[in-house]
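**Q** What follows is a structure written as structure tokens; I'll ask about it next.
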Amino acid sequence: MNTIVVAQLQRQFQDYMVSLYQQGYLDNQFTELRKLQDEGSPDFVAEVVSLFFDDCAKLINDMSISLERPDHVDFKQVDSGVHQLKGSSSSVGARRVKNVCIAFKECCDVQNREGCLRCLQQVDYEYKMLKTKLQDLFNLEQQILQAGGTIPQVDIN
Amino acid sequence: MTREELPNLAESKLTALVVDDNFVNQSIHQKLLSRLGIQNDVVCNGKEAVDAHCSGRNYDLILMDMDMPIMNGTQATKRLREMGIESKIAGVTTRANEGEKKEFMEAGLNDFQEKPLTISKLLSILHKLDFYVQT
């Protein structure tokens, strides 16, 4: 094990993780998720966020269809989708996605189709951005492990 | 609380049922329970929870989501209580104004927690419902 390489990678991981919180991509719920990962389920976080991203893709597609026709928007369906998305984003600590959902719900409540479309576009952007960021984070984890190191605990506070 | 300090309730042989239509929440809630040594099953809506009990299954604890298709948490809780099910039922939801929460509680809940669930919140549920075991 090259201890210098491991230390560098660990530092990179820590800095990257902290930046994700500071930039608002993640919140404390992600920390809670990481606490659940253990030797018995070393990929737990990656598996849960993968479920979340699948959820995002499906719900965004469904809401897009509901919002398609200006004369026939099913706001109840859209509201249901936003509620689901807000719930799962909250559960994984996807802070920006959750915040867009809050604004999205407000647009649904007043049946503002244009506002909903804007929020839909934004939530699509945010989840894809988070997906890329977390993939980079997981790649760093793999590099640390392959170099013989351990994943450091990161103190966000 | 470190991982090593978490109570392990495996010896108590507690069982739990996760009732939630969202796969992300199902996964997290099951993991939380497993981490505490609580054997658990999962169903996707209130009707499946009722059906599970009709087929003879029984659980010490039910984590019941509120908003679900086919049969929601409030309806399922009422139905389970009508069936004479005495399991401890903890409602877990993100959508709850005071009126909805009151209705959910009055359906027969023993406790209520806002999502997202964490280890601390689950321990709080277990403690309140007298399942808590000292480390």
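One-based numbering along the chain as shown.
Glycine is no exception: its Cβ is also placed from the backbone N, Cα and C atoms.
Okay, so TrEMBL annotates it like this:
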type	residues	note
DOMAIN	B:15-130	domain 'Response regulatory'
MOD_RES	B:Asp65	4-aspartylphosphate
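Describe the structural context of each listed feature in the structure shown, including burial, neighbouring residues and relevant distances.
**A** Using DSSP to sort the residues of the domain 'Response regulatory' (B:15-130) gives these counts of helix, strand and coil: 51 helix, 25 strand, 40 coil.
Under 8 Å, Cβ to Cβ, and six or more positions away along its own chain, B:Asp65 (4-aspartylphosphate) finds B:Val19, B:Asp20, B:Asp21, B:Asn22, B:Asn25, B:Gly73, B:Gly91, B:Val92, B:Thr93.
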**Q** I'd like to know the mean pLDDT over the domain 'Response regulatory' (B:15-130).
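**A** When the pLDDT values over the domain 'Response regulatory' (B:15-130) are averaged, the result is 94.
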